[in-house]
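What follows is one structure encoded as structure tokens, with my remarks underneath.
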Amino acid sequence: MTKNDFYCSNYVGNQLIIAITHLGGLWYMANIPRLMQPPTIMKQSLKDYIVDPRDNIIIECEAKGNPVPTFSWRRNGKFFNVGKDPRVTMRKRSGTLEISFRSGGRPEDYEGEYQCFASNDFGTALTNKILLRVSKSPLWPKEVLEPVVVGEGSSLVLACNPPPGLPPPHTFWMNSAMMSITQDRRVSMGLNGDLYFSNVLAKDSHTDYSCNARFLFTHTIQQKNPFTLKPCVCVCVFCMPYNDTSSVNSADPYGGRKVAETPPNFLSPTGTDSSRMMVLRGQKLQLECIAAGVPTPSIKWFKKGGDLNQKVKLDNFNKTLRIDSVSEEDAGEYMCMANNQIGSIRHSIFVQVKAAPYWLDKPFNLVLAPDESSRLVCRANGNPKPLIKWLVNGEPIERNSSLPNPRRSVVGDTIIFHSVQIGSSAVYQCNASNHHGYLLANAFVSILDMAPRMLGAKNQLIKVIENNRTFLDCPFFGSPLPELRWFKNGQGSGLDGGQYRVYINGSLEIKRARVEDQGTYTCVARNILGKEENQVRLEVKEPTRIVRAPEHQSAFRGTMARFDCRVKSDLTLPITVTWLKDDKPLSLGWRLKKDEDSLSIPNVHEQDEGTYTCTVKSEIDQDTASARLTVLGIDTHTEITFFFVPLCVSAPDAIPSGLKGWGTKNTNMEISWEPLLDTEQNGPNLHYSVWWRRKDTGEEWNNVTTVGAKHIVHDTETYVPYEIKLQARNDFGPGPESNIIIGYSGEDKPTAPPTDLHVSKIDSTKVNVHWTPVDPNTVLGEFKEYRLYYWREGSMVKGLHVNKEKKTKGFYSTVAQPTGILTDLQPYSHYRMFMVVANSRYDGPPSNHVDFHTKEGVPDLPQFFKIVQWSPESIHLEWDKPLEPNGILIGYTLNYQAVNGSRVGHMQMESFLPNVTAYRLRLPDQASRYRFYLAAHTQVGAGKVYAGESPHFTNDAYIKDQVDIATQGWFIGLMCAIALIILILLIVCFIKRSRGGKYPVRDKKDLPLEGMDQKGEDGSFDYHSDEDNKPLQGSQNSLDGGVKESDDSLVDYGEGGDGQFNEDGSFIGQYTVKKDKDETEGNESSEATSPVNAIYSLA
């Protein structure tokens, strides 16, 4: 291995992409599975992000890392509290935001600049600043367009002026028949959408010149009110007739009328004879020159100091110069010249090329061992020169100057690390910017010490073609960087030199593989912390070759053509042969015939002419060969000559193809084949002889003759093998017999179940499954798999409802003691399963049912985690238990730390019992924000972390939080409960009142009321009173002279609520005994008006 080597390795499988560079003993790595690693941004939205207002807004932010990163957002430079906006949700295990407008809202309210932060214990990575804007397609302003009257031969510009959309619309001109306006050297559309006439003709008179604007996002087209063009025919007495010798059509477009010839003058650009344009590197440059004049001027382009290079394209009849991707060398002075037979003019355009920042050296991730040294380099160019700024974990690195880091120094565009130590991992950001744009790159520095690990699949088998260059891969990882050596068959010294070469990524190159190179190769990685090895088995195969290739040939119509394609290949490699015609897959249909070594084309016709390619493929190589077929026919322009061809008849010489036997029922076997073509029959009365017999029984052949293309053998045993052969015959004799093929009668349901189904090594998410296989004879068909049916019967967490959907997993095994692993189970759950054996058509009977319980696991995320700052002194935290606890919750841990700019406070921890889902934190430092990390716990450990950050406290925020309490679930539930109780009480009062009896109101309504303590001799009350005309005691005069109801009112005499009167003023209800005054003294209301008393009265 040499210094300054670099490699990238893409390993397919469960491993991730690895990239390592060796720089003076240091290495860099992009990602290693299951390795503690700072966050890396994997996906983000565009910097300039325009969205359709009719759709939900999706702002992407995907990151990876270990531990799994948590995500937060800033909007317009301030913390964006996603949880407080009901329209905004963040995807699980992702930072991607989805803003929904199903319940209302305006997408325009969410325009702004967004930036995503992905954090874990080892640092914070950032996305670009994403400028979110909503697409706009405004309507065309209403206007009244007067007819345009212009003299014949004059120039004209019809203005488009489309409404300013976002993004800008695409413009085009059409007439009322929705046909495009014809454009040529004389009439064309400019870059601004205007329609230019170099000179007007009488034929231009139309009333429907309409400019159209197509808006890309909304897929709508808006049309401007049409122009009416009326050319005015003005005769010039002293003018020569118009003669446009440059026109393709030499006819006089003015019909012999004398029109003044005019020299060219520019319609675009306007003004002086020179202009300036600035364009950014990489963008499209378009320069335009449109000239007026009679005759129509022609346009030519030049560049001062040299010729136009190959990047330059001329569009719009040479009126537009285009360079799709501009670079610095495209700057300079461009000149366009317009000329006709009267004169010529020039215009110079000075093009200046500026540049937004672009990378020269983009910083890469660093993974360092303790005490190693390295550097991060960030070099960018631009015009003007970009400014380089460094950040660490999203904060400017200069803010950490108050805490000097002796092991890190910043020198311009480079950060130098000296003797790094464990615990100093971080994510660094390089920002290169000028006033044309900016670049942002994340690069993490991870400090690890780790013994060697092999990252590739174990014991791989590699098949290669003899004499080919071969690579054996051995991706590895370790810190410090391990030394890697290769050995063959476990013997000898390391392989390096000669025909072997070892690369730093672990790959071994064999420059020319030979048969003697077959064997087992071992790669060994070693550093001071240990060693690890892996093996690769190499097999060298013979190449696949076409030994008899198709040849070019000619064939008359109606005859047969045949192309050979004989193949030689390694006997251990299966091959496939396919044919192409004119580089497209050849459809064989009913006429063409392909066999093992050739392609036959009977009854050739003109459509068969073309190039035929035979392609033979194995799993590791392929070969092709082509030939052309020319079809010869009768020339209709020559004399027709009739001739006779002698007809040869004989027995068939072809064997029907596609012979097979397969049962459609469990008691039959259907034998079928492809019938011979007419050209293959060779004689009349074609029929087929079919033979079949049980395989390996020694019985005689059964046979039948048929004219069809199939025969059904009935009354067979279930799924037994048969030998089958076929022969075509006609009146002149039999043709050749086919080879014997093996067919099978029909399948039936398997009769025996797997037995002794049981499990072992039960984990939280997987379990080993064991069973005793069935006797192969009981499968009654082609064995497909052992099919396991399993479902989640329930959760061991009380009250948790689960989905009992039945799932399947197949195990293909023919060993005596089969076993399999069932994965993706839910922890702490009750599962049930059974197994069947399956053939191609049926499942067999079920095995014994097995119940098992998965072990406890770590919980999922809490359902939500809300952080509300109600006052400057405290923060209210609220959460809910996980949807899948995956065990018995034993509590929650809340870690939090103060964040003030780049300073991060000491991490503090609070623990809570499992029934606690809210906490109020008094803030020791009111000037700081706080970051919170909440996780649920089982006995196994902590679950996934839900992270959040406290908002900046303002009075407005305080008021908003007070208002937001009305949207909290607990508050809504409380209010509903109170409303329900009041409703019940009102119903009870109504029922209680209605239970009173009825009485003849008209007989008693005029009786005066008397004191309740006056009773008759029979115990009834006497309602006469000597004080009928006196006001009731305690009553007060009302403002209108009436009397207010006293506390001792008629309500006291009823069982119900307030006393009711009908329209004539009579009291409705059963008069009852009024309670003694002593019992109600001091009580402001009677029993009937008290909801509580009403309930007691029912009892």
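Positions of Cβ are set from backbone N, Cα and C atoms, glycine also.
What TrEMBL records for this protein:
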- 12-30: transmembrane segment (TRANSMEM)
- 39-127: domain 'Ig-like' (DOMAIN)
- 141-228: domain 'Ig-like' (DOMAIN)
- 264-352: domain 'Ig-like' (DOMAIN)
- 357-446: domain 'Ig-like' (DOMAIN)
- 452-539: domain 'Ig-like' (DOMAIN)
- 543-630: domain 'Ig-like' (DOMAIN)
- 970-991: transmembrane segment (TRANSMEM)
- 1002-1099: region 'Disordered' (REGION)
- 1002-1030: compositional bias 'Basic and acidic residues' (COMPBIAS)
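Taking DSSP states H, G and I as helix and E and B as strand, the domain 'Ig-like' (141-228) has 3 helix, 36 strand, 49 coil. When DSSP labels each residue, the domain 'Ig-like' (39-127) comes out as 7 helix, 47 strand, 35 coil, counted as helix, strand and coil in that order.
In the predicted model, the domain 'Ig-like' (543-630) shows an average pLDDT of 91. Ranked by the number of CB pairs under 8 Å to the domain 'Ig-like' (357-446), the listed stretches 39-127, 141-228, 543-630 are led by 39-127. The stretch in 39-127, 141-228, 543-630 that contributes the largest number of Cβ pairs under 8 Å to the domain 'Ig-like' (264-352) is 141-228. Counting residues of the domain 'Ig-like' (543-630) by DSSP class, helix then strand then coil, yields 3 helix, 46 strand, 39 coil.
Across the domain 'Ig-like' (264-352), DSSP helix (H, G, I), strand (E, B) and coil residues number 3 helix, 52 strand, 34 coil. Across the domain 'Ig-like' (452-539), DSSP assigns 3 helix, 49 strand, 36 coil.
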